[in-house]
Amino acid sequence: MTGQSSSGPEQPTLSTRSVGVGRMGGSGRLGGRDAWWLAVRGGHLDGLRIALTAAASSIAALLVLVGGDIARRPTYLPYLPGLLTDRGLLPGVLLALALTCLPALAVAGFATRVGAARRSARLRTYRLSGASTADVRRVLGIEGALAGLLGVVGGLVLYAVLVGVIAEFGSPAPLRRDLVGGSSEIVGWHLAPAVGLRVADLLPHAWAIAVAAVVVPVAVLAAAHLAARSVDALTHADPPSRRPVRLAGRALPLLLAGGVLAVVLVAWIADGRANAAGLPVGALSVVLVVTGLLDAGEAAASSLADIVAPRTSRATVLLAARHVQATPRAMTRSGRFLVIACLVGGIAAGAGSTTLAARDVDVEFFSQSYALVGVLIAIAVGVGALALLVGVVEVIVTRRRLASATRAVGAPPGAVGRAVVLAAIAPVAPAVVLAWLAGAVAGGSSMSRGMGSPVSVPWGWIVVCGLVTVLLLALLLTPAFVASRRMARVTELRTAA
Amino acid sequence: MRPDAGITALEGREEHRGGSGLALRLDDVHVRFGDTQALRGLSVEVGPGEVVAVTGPSGSGKSTLLLCLAGLLVPDTGRVTVGYTVVSSLPDDARTRMRRSEIGVLFQFGELVPELTAVENVLLPLLFSGIRRPVAHDRAMAWLRRLRLDDRADEQVSGLSGGEAQRVALARALVIEPTVLLADEPTGALDTPTGQLVMREMVDTVRASGTTAVIVTHESRVAAYADREIHLRDGAVLGEPAVGRSGLPGSAARS
């Protein structure tokens, strides 16, 4: 059979197993086996949620395992040979890895909400069948724990693959040029063979495994617990309003406010006062600039949608434009990590370029440091793009019914998915490019003032980074679009939304 | 009537073979969902311009039949023909193209796109067919005028009443000028007076345009608008009650 799943409509059913008071036994509480069964019973959407959560957890677990390796063997690193030779950089690298874990775990937290509306309906059914709120929390907790443990296993697999690839093909290593005075600078990269990699190196450190096995599931459980607060089967809260929010009237003020805020803060940072105020103010500035950039991106996309929607002859563009107008924040919320990563990346690029252009600096140390920062920024950008992917999948899942309806009226498969991806990229892409540019200017200016050297912004490099990020987004969102082609289930239209 | 597999609704309806041809035909169609046999050897013929009601209890296979006719579900075995095209043997993209030109579908809950205006919902299938926006807009407005909804054209879906939304969905199904309209419980989500209004609009419109219509319903009041009723039970045809039962709106309209 084609065109529709042969298993029929995906509906939660309790017909084959009771969840009622009878199952609670004498304790009046849902048994562990039953809670497990209910946690994994939900069908494709719950499988997708668990898979996404596990994928994000895997990245966090991988970072923990790599961090454990770096802490254990700082002198021998198969990952970036010849880059982490300065022991003084080690604490910074470990801290950066730990910080990069946070967005990965946050993405896992986002992922625990994918398909929340459908899950709420299923959990409501459990409640009506006699399950208590504690039972429902237990079901959610088991689902979160399962995803977290799968994430740890996934992290171990990724680690093995990473080390295996390094053993087979080598790893990126810097090309250095000797300078006068005995030091050197990095002038490029090449693939260096992993000489002396032993079988024991394929195994991560036992402590790192232990930390990953505890930290990742606990974090995912905490995220699942937070996500459970929005489950109406627990709170009896009304479902969120679907009333569309039109941005047309406030597009221009928002654009102006976001733009002005971004410029003022960039100038403020560039003036060097952020350095004096310390890390919290700097971090706050980054958040405010990101918010400003995202607001500007939203407003620009919404204004563009206002112009395009009444005129376009392309159905996908019409759906995307109206979606952007109705829910302007749907995508930028999950694009926040990406924009933060790009802004920090831009700051690092500007600061690094200006530092290395200055006279009387330890070129070897700084080029090594900024190269390491670059590697971490690349990881952070990947995690940020994953966050956006989770956001897109969530929107595609919530629009599954619409996808089914449009299929029935002759839309090609994936039309709604294409519209969602377009609506996701439209507001985030300009914010990403602006973040790289604003960050580079701020980083370069700030470092220039601090070091008394001329500003050096690597414009070509920044433009490449911006374009590569947008390309990465497009590549990463392609699976979401492909998955959306299989999402339509017309039989679902026979029941009320 | 025998409720077992293989019973057909063809008996006595040979006049639809040949001549003007058939609008729709199902030959020995079987559909299974896991352990459930949704359709068991179903054979049905519908002539051009005919309005047929498909009735039966819940789970009898009514909606599955409709999905097969719409090309949204390909049967495990058997053949589904719309006009001269065997839909069940077409690849997915060809079936999609067919829905853009030949088959209009109307659902119980309208299934309009919430962010779009009424007129944008109606013109959406035309845009999927590659028709330019101004032309599509004019055609959509013509259908809204015909259904006396032109003053609601720029209204968001959330601002429409249930009956208006269903009539907009009807306009969306008919804007492609299909040869076949398939309606799945078109009044199921509406109160009785509004449901009757929608049914009258729908039947008047399809009769005026000579469109063949298959209406899935469990309401005898709705079935009475049809020329013929096919009653399903357990995935097979149970019987065909006499045309136009007296006292019901369908017989009045037809007389």
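Cβ coordinates come from backbone N, Cα and C, glycine included.
Any TrEMBL annotation is an automated prediction that lacks curation.
Remember, predicted model here, so these are calculated numbers, not experimental data.
Taken from TrEMBL as is:
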- A:1-16: compositional bias 'Polar residues' (COMPBIAS)
- A:1-26: region 'Disordered' (REGION)
- A:50-68: transmembrane segment (TRANSMEM)
- A:88-112: transmembrane segment (TRANSMEM)
- A:97-229: domain 'ABC3 transporter permease C-terminal' (DOMAIN)
- A:146-167: transmembrane segment (TRANSMEM)
- A:206-227: transmembrane segment (TRANSMEM)
- A:247-270: transmembrane segment (TRANSMEM)
- A:276-294: transmembrane segment (TRANSMEM)
- A:337-358: transmembrane segment (TRANSMEM)
- A:370-398: transmembrane segment (TRANSMEM)
- A:375-484: domain 'ABC3 transporter permease C-terminal' (DOMAIN)
- A:419-439: transmembrane segment (TRANSMEM)
- A:459-484: transmembrane segment (TRANSMEM)
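Under DSSP, the residues of the domain 'ABC3 transporter permease C-terminal' (A:97-229) split into helix, strand and coil as follows: 92 helix, 17 strand, 24 coil.
Residues 49, 52-53, 55-57, 59-60, 63-64, 66-67, 70-71, 74, 143-144, 147-148, 151, 215-216, 219-220, 222-224, 226-227, 334, 337, 341, 368-369, 372-373, 376, 379-380, 383-384, 386-387, 390-391, 394 of the same chain, all 6+ positions outside the transmembrane segment (A:88-112), place their C-beta atoms under 8 angstroms from a C-beta of that stretch.
The transmembrane segment (A:50-68) and the transmembrane segment (A:419-439) are not in contact, since fewer than 3 Cβ pairs between them lie under 8 Å (pairs 6 or more apart in sequence).
Here the listed stretches are A:206-227, A:419-439, A:459-484, and the one with the most C-beta pairs under 8 angstroms to the transmembrane segment (A:370-398) is A:459-484.
With pairs at least 6 apart in sequence, the transmembrane segment (A:206-227) and the transmembrane segment (A:419-439) have fewer than 3 Cβ pairs within the 8 Å limit; the two do not touch.
With helix defined as DSSP H, G or I and strand as E or B, the domain 'ABC3 transporter permease C-terminal' (A:375-484) counts 96 helix, 0 strand, 14 coil.
On the 0 to 100 pLDDT scale, the model's mean across the domain 'ABC3 transporter permease C-terminal' (A:375-484) is 81.
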